[in-house]
Amino acid sequence: MKKLNINDYNDILNEVLNDIRPTELEKDKLKVFSDKIIAKIKDISKYPVLDIIQVGSTARDANLKDDHDLDIFLRFEKETDRDTLKESGLRIGKEVIDYFNGKSWVEYAEHPYVSGEIEKFNLDIVPCYGIENCEKIISAVDRTPLHNEFLIMSYKNKNLSDDIRLLKKFLKGLGIYGSDLKTAGFSGYLCELLILKYGGFLSLLSDVKNWRPNKSIVLNEIYEMYDLKKEHEFLNFDDSLVVYDPVDLNRNVAAALNEENLCKFIFYSKMFLENPSKEFFYGFDKKITDFLNIRERGYLLTLEISRPENIVEDVIYPQMEKIQKSINKLIKEHDFEYIRYQNFADENTCYLSWEFLIHELPDVKIRTGPPVYSEPGVVNFITHNEHYFVKGCNVCAYKTRKYKNIQILFEDIVNGKLRKIITYPKYVCPENAEIRLGTFVERT
């Protein structure tokens, strides 16, 4: 295998950058548009709005080409009551978008905010409270302007924009970009902190290849900001990756990242460094899935459950995972074996899918009882089991299975006969669901 030099990587990375770097014209149009929006907000916003800030990747020249998302935060004084914050934020957001003949709607997080479309631009106008670093938040989004200020300050005299874009595109290619609960991957803010820490895309990957779960990262800037000594003991987190938030040391920026996605990042960082290719940046996860599916399939089964209206993905996906894990426990208790499981939700339906290695079993099974020398236990066991015998050191018995086919088990689930055994979350109820045989719904 030929030894690689920096040019082997740079040629590929420059090709990718040509695809993902916004043009100067695109940047200029975005700047003109954001200036117009902020100027209009200043015209109509009144006390108690402290200031108006553009945040997010477009504010820091860290966005990908054709990313026209604009995030505007309205910072309110801490004394502002929540109703005033909510009502003012919604009023200002709607009025601004209406002024530019856009389309607006209300999104819901901890409190509602206005989203909209104006021409080709996507716009969020979000109210929050003005707080200081490490000060207790009042609403969940209060840190965001502080993140923006920290990154802009830290980027001075550093040209990191392209490295951030490469990391985002690499993670998108692997299907692990996004901190929503569906993806359980890397947020944009986390990407920027990692590039800031390691100084570049290749430097980051060179370190990542040696990572293990529970890796902990503290940015050098944190020690300077808070005048901390290197031996300072930070709060412990039980997460797959820990990256301390520079504006709130009690928060792990990587908390949403699950262990499997961290391990994908480690594995494919090694793969890229050993054999660099543009392939990693463009739908690589789908190519892997398609390749793995060129094989003999197991027994496929999908539950189709109606999705309630107005329930966001960050609520639906944890609940799908919860019900599926509860069903998985029942599956194993009845000796069926699955190769994999997956969940996915579209606008109207929640899909819980399994691929079974064993979906049909004989009528009989062996029930293992206590050791033969456990007299009280043995007496109780043979009293309740007619066909008993000794196997090894235990008394055992043949029992007739309740379920010899996985489909029958699932029919009892959807008919509500196992309600007392399965944990039902609030919004994902398997009763009256449709059972689809021969179907496995992949996430998209």
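Going from the start of the chain as shown, residues are counted 1 onward.
Here the Cβ of each residue, glycine as well, is placed from N, Cα and C on the backbone.
Keep in mind that what you see is a predicted model, and the values were worked out from it rather than measured.
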Identity of the Mg(2+)-site residue among D11, D19, D124 (reference: D69, D71, source: Swiss-Prot): D124
Integer Å distance between the CA atoms belonging to D124 (Mg(2+) binding site) and R60 (CTP binding site): 16
Same chain, 6+ residues apart, C-beta under 8 Å of the C-beta of S57 (CTP binding site), given in sequence order: N63, L64, D67, D69, I164, G188, E192
Y177 (CTP binding site) CB neighbourhood, other CB atoms within 10 A: 20
H147 (CTP binding site) and D124 (Mg(2+) binding site), Cα-Cα, nearest whole angstrom: 17
Those residues of the chain, 6+ apart, with a Cβ under 8 Å from that of K168 (CTP binding site): A62, L64, Y177, G188, C191
